[in-house]
Every structure is written in structure tokens, then in C-alpha cells.
Amino acid sequence: MGFTTKIIFLYNLVLVYAGFDDPRKAIELVQKRYGRPCDCSGGQVSEPPSDRVSQVTCSGKTAYLMPDQRWKCKSIPKDTSPSGPLQECPCNSYQSSVHSSCYTSYQQCRSGNKTYYTATLLKTQTGGTSDVQVLGSTNKLIQSPCNGIKGQSICWSTTAPIHVSDGGGPLDTTRIKSVQRKLEEIHKALYPELQYHPLAIPKVRDNLMVDAQTLNILNATYNLLLMSNTSLVDDCWLCLKLGPPTPLAIPNFLLSYVTRSSDNISCLIIPPLLVQPMQFSNSSCLFSPSYNSTEEIDLGHVAFSNCTSITNVTGPICAVNGSVFLCGNNMAYTYLPTNWTGLCVLATLLPDIDIIPGDEPVPIPAIDHFIYRPKRAIQFIPLLAGLGITAAFTTGATGLGVSVTQYTKLSNQLISDVQILSSTIQDLQDQVDSLAEVVLQNRRGLDLLTAEQGGICLALQEKCCFYVNKSGIVRDKIKTLQEELERRRKDLASNPLWTGLQGLLPYLLPFLGPLLTLLLLLTIGPCIFNRLTAFINDKLNIIHAMVLTQQYQVLRTDEEAQD
């Protein structure tokens, strides 16, 4: 009976998944139900939750991941400074920093020749390190304290110390703006902008149609879905949210960065970009220590991922192959200058796009928009779930069927779009300034020539004395940048190693999983079979011996017979 029970038990072991079942269903269900961090599926809170797992900085709020996988959000304090000259600070002592969870609004004030922040203290708390341990006790992000008397005014500096965070408040915002300003100065020093003479500005072109960069992002996303999930992309809608884009960031496990030198001057520099980190748990981090220098650029520490390893960086570095550096306050950078300090991880960007299946009814503008009528919620599918990336990070080999090169292209497209947008806005400002100077100069000259007639307006009998020329400089700049982007793509494609990977990798990766499984079975299978056969033979020999001994009686020895 015992041997039969063991045989049945061994047979049933084949039917047990032992926890290695495909987690795609569970991961996709969590992704669909709770959404992205900045969606705030868990609602709003007035205080940072004490049991939070991690936190992500969003535009105007901070999202906290709870143990039930919901994201709860807390609004950051608002600046209520009155217009006009700053008032005197109502404080006798000034602190270096105050955490943003200890007040709901703040103002700017002046004391002497310096500007400070002031607010009413709602609670007191001691400062300390963040809840997320990055590696060791010396690499934690320090949180600001809340010292003072509850209900009274407090004042603090407008610049936070190095590696000190106020929880997404005005100090963190000032730090991000300072980093952006310094990166723009570095970019202008490396790449001087093309200047037009005021009298040689290109003439007006035709009006621009739909933004070409948005169409490129949608086309790249469609091609990526076509390679990974053909059944979904056959009939679906790709939906982009209105408002400022917040791309998704997924881990990049390859340390794809290069040290910038004089020979490598083609590093793409973009302004700091706010992103939503997804699927980060353990990552390889890049660390640059602080030397207490006034010229340091504090990028902060990552607060959404643990660091399994840390690489010390001492010089300027550039992200390559469409990757970005993700640092404190989940801000993305493509270039880290010489004097940067902080803790960052490498990531790849994906657009914040939702997918609607073709059989899902999509509402169109109708009378419902004017007369309220409850409408059924649309079932959106997040892009990460549609691509199978969520399961790929869990199983490791499940998502190998999607080509890595396609993710690189899509991330590269997003980075280029941000750089183009920044350059275009700068050109718009320069155009307005140059046109204003030309108009004023010409106006003065014409007024002098027609002074006897009362000026140029009275001489021409015009009702409107000002005219702004709509120049085509912005359109020419966009065209030039698009040509430059195409040139860089051709340079990347001319690399034999990258071209070889792009041509063979998508076809080899789908067979890699079954091939590794077959090799594993051929290597370990004979050993397991031999052990199982030996075990069964031993049990059969024992049973055979027991059956034979039942037909005989044991003979008594001479001593037992005498007794």
C-alpha cells in the first residue's frame, strides 16, 4: 500500500505548477484595475500614508503605492504669494528646509536682501531618511524636518541643502528648475543656435497640419504592437491623453551609457522630463557622491526602486540607444554633466497611450455632452499590458519574443520630440524679441521722416499702428531638426553590430525559450530518469522479497532450541 501511494504521489507532481504558472493574467489584471501612478486610483489623501511602499512624483501631486497595489495621491502645497513687492518675513529665526506635509500653502517673503518661504506650521515631525533603502546606510535620501510651534509661522530658505528633499514641495521644484537652467546653459555652450538677421527672416510658409511628431509616436507604437500582439492590433484604437505628456519609464537592465569626451560631442541634451516609473523593484544604480561644492547639480535620489548594485560615476555621461537616466522626483535626463550628484537608474521611455479594442464602443460628441446622462466606462488596456511587458519583467523569458530594438526606437523618438519642442519654444521667444526690435527701429525712422504730418499712422491713415510678421522660422527649424533626426537614424543603422541585431534578433528570440527548455531537459532529464528508475527498482525488490518470505518460516538456532 505504501509503495502504491508513493507512485500516485509522484504521478501527481507533474500536475502541480509549483508557483511557476504564467503571471501575465494576474499582472495585467492589476495593471488594468489600478492603472498608472498618476491616475490616483486609490483616491486623495491629506497626509502621506505611513504604510506606503514607494512614492512617485506627478505634476502637482505625489502618488503613494499602498500594500493593496492602489495609488493614493496627495496634492503639493500651493504658492499663495500676493502680487507686488514681497512682504517682510514674520519670523525671528530661519530654518534650512521644512517638509511639505507640514503645511498646505506657502508664500515668499523678504528679510534683508534675501528671499525666504513662510507658512503656518500644521504639525511637527523630526527629519530622517526616506522609507526606501537604496543600498547601505549612507545612500538614503534625507527628508526635511518640521521644527517650530504648531499654529505659528515658520520661515525657511529657498534653496535646500544637497540631497535633502521636502517631499515634492517648493524646494524640490526649485531644485528641478535650477537643474534645467544649468543643463540649458551647457546645451547652448555646446551647440550654438543658428541666428537669423532681422532683415533676412524666411517668409511665411503654409500652415502646419497635424503635428508630425505625434504621428511618428503613434506609428512607432502601432509597429511595436504589431510585433508583440497581432490579435489586439488588428482592430483597436490608440488613445493619447490631452495635456502635458507624462511618458512611462520601464527598467533598462543594460548599462547603456558612454562617458562623454571631446570625441563624443553628439550627446543629445533635453530638459528634465517628468515620467511615470513602472515595474521598478531592483535595479542597477549610478551614484555620484557630493563634495559640498557650490557648483554641484543636485539631481536627488531615486525613491521608487532598490539598488542591487551601485556604480560610482566621476565624469559626464550620455545615455545611448534611446535610454534615459531616471533620478530624484522621477525626472529623466539624457545627459549628466561633470558636477552632477545623486543616485539614478537607467530606463527606457514609452508613450502614455491607452488601447481600446475595436469591439468596444467609443463615445462621440453628442447631446450627452450638454444634457447629463450616465455613460458606461470605457475599458482601456494599458500599453504595458498590451505589449506583454508586465509579464516579461516577472517571468524573465516570457517577453523575449518582442524585439528590443523596437523599444529603443520608440524611446529615441520620445527623447527627440522633447528636444525639438524645447528648441522650437526657444526659437519662438527669440523671434518675438528680434521682431520687436526691428519694429521699434523702423517705427522711429518712419516717425522722423513723417514728423510734419503727425507720424506714420496719421500719414497712412491707419487704424492699427502695429503689425507682427508671422515668420516661418519655426517651421524651418522643425524641418531642419527632422532632417537631423533622420541623419542620426541612418548613422545608427549603418552600425554593423546594431544592424545585425536588428535583423536577426527578432527571429531568434521567439525560439530561445523553447531551445533553452529543450537543452535543460536533455541535460538534467537522464539523471532524473535514472534516479526515478533506481527508486522504483528498489521498492519493487523490497516488495518481491516480502512476498517470498511469507512462504517460509525462519529456522530456530541451536540456542533457541535448547531453551
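Each residue's number is its place along the chain shown, starting with 1.
Any Cβ shown, glycine's included, is placed from N, Cα and C.
According to Swiss-Prot, the feature topological domain 'Extracellular' maps to 19-503, an assignment based on sequence analysis. Residues annotated as N-linked glycosylation site in Swiss-Prot: ASN113, ASN219, ASN229, ASN264, ASN282, ASN292, ASN306, ASN312, ASN321, ASN339, ASN469. The region 'Fusion peptide' feature in Swiss-Prot is assigned to 380-400; the stated evidence is sequence analysis. The coiled coil annotation in Swiss-Prot covers 401-451, 461-497, and the record cites sequence analysis as its basis. According to Swiss-Prot, the region 'Immunosuppression' annotation covers 440-456. According to Swiss-Prot, the feature topological domain 'Cytoplasmic' maps to 525-563. Per Swiss-Prot, motif 'YXXL motif' is recorded for 552-555.
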Distance from ASN282 (N-linked glycosylation site) back to ASN339 (N-linked glycosylation site), taken between C-alpha atoms, in Å:
26
Including all protein chains displayed, how many Cβ atoms other than that of ASN292 (N-linked glycosylation site) lie within 10 Å of its Cβ?
8
Does ASN282 (N-linked glycosylation site) have same-chain partners at least 6 apart in sequence with Cβ under 8 Å from its own Cβ, and which are they?
SER305, ASN306, CYS307, THR308
Inside 10 Å of the Cβ of ASN306 (N-linked glycosylation site), count up the other Cβ atoms and send me the figure.
15
Using C-alpha atoms, which one of the glycosylation sites ASN113, ASN219, ASN321 comes nearest to ASN292 (N-linked glycosylation site)?
ASN113
Going by C-alpha positions, which of the glycosylation sites (ASN113, ASN312, ASN321) is nearest ASN219 (N-linked glycosylation site)?
ASN321
Over the topological domain 'Extracellular' (19-503), what is the model's average pLDDT?
71
Provide the three-state secondary structure of ASN219 (N-linked glycosylation site) computed with DSSP.
helix
Return only the integer: C-alpha distance in Å from ASN312 (N-linked glycosylation site) to ASN321 (N-linked glycosylation site).
21
Would you kindly give the Cα-Cα distance separating ASN113 (N-linked glycosylation site) and ASN321 (N-linked glycosylation site), rounded to the nearest Å?
47
Check the glycosylation sites ASN113, ASN219 for other C-beta atoms within 10 angstroms of each C-beta and report the one with the most.
ASN219
Using the structure shown, find which entry in ASN312, ASN321, ASN339 (the glycosylation sites) has the sparsest Cβ neighbourhood within 10 Å.
ASN312
